[in-house]
Amino acid sequence: MTQATFVRKEMLAPQEPPVSERGAIKWARENLFSSPLNSLLTVVGIVVVFMLIKSALPWLLHGVWNASSLPECREIIEARYGEGATGACWAMVRERWHQYLYGFYPQELFWRPTLAFALMFVALAPVLYLGNRTVNTIMAGIVTVLTTLALVGVAMAFPQTIAGADAGFGALLVAVVLLAALTAVAWLAPRKLLIFTLLYPAIGFYLLWGGSIWGPIGTLAGFAILVFVYSLTKGQLGVVVATGAGVVAASVWWLAIQSHVTGALHSIVPIGTTHVDSDEFGGFLLAFVIGVTAIAASLPMGILLALGRRSDMPLIKALSVGFIEFIRGVPLITMLFTASLLLQYFLPPRTNFDLILRVIILVTFFSAAYIAEVIRGGLAALPRGQYEAADALGLDYWQAQRLIIMPQALKISIPGIVSSFIGLFKDTTLVALVGLHDPLQGVTKVVRAAIEWKGIYWEPYIFVGLIFFACCFSMSRYSMYLERKLKRDHR
Amino acid sequence: MKKSVFLGTLAASALLAGFASAGTLDDVKARGELICGVNVGLTGFGAPDASGNYQGFDVAICKAVAAAVLGDPAKVKYVPTTGETRFTALSSGEVDMLARNSTWTFSRDNDLKLDFVAVNYYDGQGFMVHKDLGVSSAKELDGATICIQTGTTTELNLADFFKANNISYTPVTVADDSEAQRQYLAGACDSFTTDASGLAAVRATMPDAENHVILPEIISKEPLGPAVRHGDNNWGDVVRWSFYALVAAEEKGITQANIEEVAASTQDPEVKRMLGLEGDLGAMMGLDKDWAKRAIAASGNYGEIFAATIGESTSIGLARGLNALYTQGGLQYAPPFR
């Protein structure tokens, strides 16, 4: 029996990998210098980045925040950093930020769009996070805190306006109480928050435009009539005809009766706030009004169009195809010029049909056509078996769409839908072409027309670009979150 | 509420449209507001300030007309119009008048069916060059690169001028003034051409204004003036004479400050007629006696408006030049108030 002379009892301590196989060096070798071409590209890339930083960084670092005009900015920069130094003149943003955000909205009423913007998030919360109680409450809470800060900030920025009739402390109190109440609702009864979401269009409209309180109430009454007629006739006439009857009844109310009733009510009980004309809207307020309205309205419209295009009914199919193809075949700028110029010729003389409203309607049509095609893609991606299963379960058309088809089709279409929305939101800057004060071109042009800021070039673009980036990036992140959350397969 | 019932208004106006159309003057009076098409933003001529109030040389015309017709220079709704939308906005009735530096040309007058009622600013296209280029006349710009805004009449004027003088140039097209300024300062072009008033404003805001000169040649005629729709002569007269009242006021030495005093003490029969102390000129065009007095009181006479918005005391620093009164060697000349 041979005796083993040496038996290792414990493992050797692992050695460090060679220098070239670990840490930053390994990463660089694998990712930056893996081949001659790659190395060359890396070097060129570094040089380009270096040059960019070298030219832009001093400019950014020399930024001046306190000055009253561009020449003053230049003087300060020269005095600080020597002859020939250049720098950013952020003082322009400091002086004119309110025009970029609110356009020419009356300063003493800035709290109204701010509150409308805050409430938008509260209204969106139950939709975006599917009634998740914790998330909703956190979101509403954050919005409450931020809005309070924003309102205090706005009031401090324009102290002369606090004395105004419906501004200042009262407005702040109303806003905070309202938001706190909504936060409480989000916590206690998350489902009930959806009621607020449904009411939000009327609330937002009223906050932005003001005027008599009876206007939005009258419009809401129209929807109540629609629902009432629908539920009354649904039993006898079926879903489609009942919807049609409801729409007709509501339209009669909106077009013929409402103005008389609300007018009379207003003369009896004149409750209301200062009315703000649409042409005082500008900057991001305008971008959001157009963007959000068009996004919210184009999604349902797009769904209907997509269903219409796949419908077996020839008339509906032809109308949907015609609408989609016509709108998609025309550039957005043409639509905007139609809104601003052509419609005026068709309408009777001296009709004052609000330009922003015209633009919103046509932008919505434009977006709806694209959304319809995106959703049709989602519908086409569903296996036939899903439709057949729905039929086999005995569901009618709308039940099948609501319970089986749409949830899946919409899930597939999320990236496309969000892309369309992001595109639409950025396209709102095109309204500058019809003379509206969009943040990028319109307000910048106004700012540059002031002699003290004439000649300013990059600063407005950077400022507006950053805000647009923040908005679009959040939308894109949200869509990714939603995709992950709704993922049902286990690939 | 006003906005939400727009459909109702729409239906109502469709009915009303059947009735005979009254003149613009009656419309403005009925509405209680003058709708004035202005520039989205042009330094000195028309742009909203930090609190959103429109200011400027062209805007002052809107104020004068509103004061003459409605008695209040603040009763104006300013509709910003772009180069593309301005004439359609006017002819479709969206605005009552345009006061946004539009050049009076034959085809605009006849083909587009506009009426330019007067010329409130005589402009012309000029050149700005770097001083160290050593150029003293536009005719020496042979072979130069020139920054020029696309899609404007200035582009055509430039081509005409170089062709007429048999010299060549390379155009560098830019989208607007601020881009032109940046390109020009960065050395992308030797010269920058646009209307002389625009050049002066651009030069005034350059970091090194002393290194740039505006050449003496003016290569085009750009008579800028307020415009109204063709065919509504009464309204055209109201706008025209509201403007001429401002010019005549300067000629007669009537200012915003002394107008009451002049009205009380003047012996000049023309001033008396104009200010409504004698005769009834206002009634001839459907206004009251004091129309001109209010128009002048709105923002002063022509000279005062010029000095306050674009004149030599402002940072833009435009000289009166062609826009001086005819008595001082310029072209501004108001027909007699008789």
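Note that Cβ sites are derived from N, Cα and C of the backbone, with glycine treated the same way.
Feature annotations, courtesy of TrEMBL:
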- A:39-61: transmembrane segment (TRANSMEM)
- A:110-131: transmembrane segment (TRANSMEM)
- A:138-158: transmembrane segment (TRANSMEM)
- A:170-188: transmembrane segment (TRANSMEM)
- A:193-209: transmembrane segment (TRANSMEM)
- A:215-232: transmembrane segment (TRANSMEM)
- A:239-261: transmembrane segment (TRANSMEM)
- A:281-307: transmembrane segment (TRANSMEM)
- A:284-479: domain 'ABC transmembrane type-1' (DOMAIN)
- A:319-343: transmembrane segment (TRANSMEM)
- A:355-375: transmembrane segment (TRANSMEM)
- A:412-436: transmembrane segment (TRANSMEM)
- A:456-478: transmembrane segment (TRANSMEM)
Stretch with greatest number of CB pairs under 8 Å, the transmembrane segment (A:355-375) reference, A:138-158, A:319-343, A:412-436, A:456-478 candidates: A:319-343
Per Cβ pairs under 8 Å, the stretch of A:39-61, A:138-158, A:170-188, A:281-307, A:319-343 packing most closely against the transmembrane segment (A:412-436): A:281-307
Which of A:138-158, A:193-209, A:239-261, A:281-307, A:456-478 contacts the transmembrane segment (A:110-131) most, counting Cβ pairs under 8 Å: A:193-209
Top Cβ-contact partner of the transmembrane segment (A:170-188) among A:39-61, A:138-158, A:319-343 (pairs under 8 Å): A:138-158
Same-chain residues at least 6 beyond the ends of the transmembrane segment (A:193-209) whose Cβ lies under 8 Å from its Cβ atoms: 112-113, 115-116, 119-120, 122-127, 131, 136, 182, 185-186, 215-217, 219-220, 275-276, 278, 281, 285, 289, 296
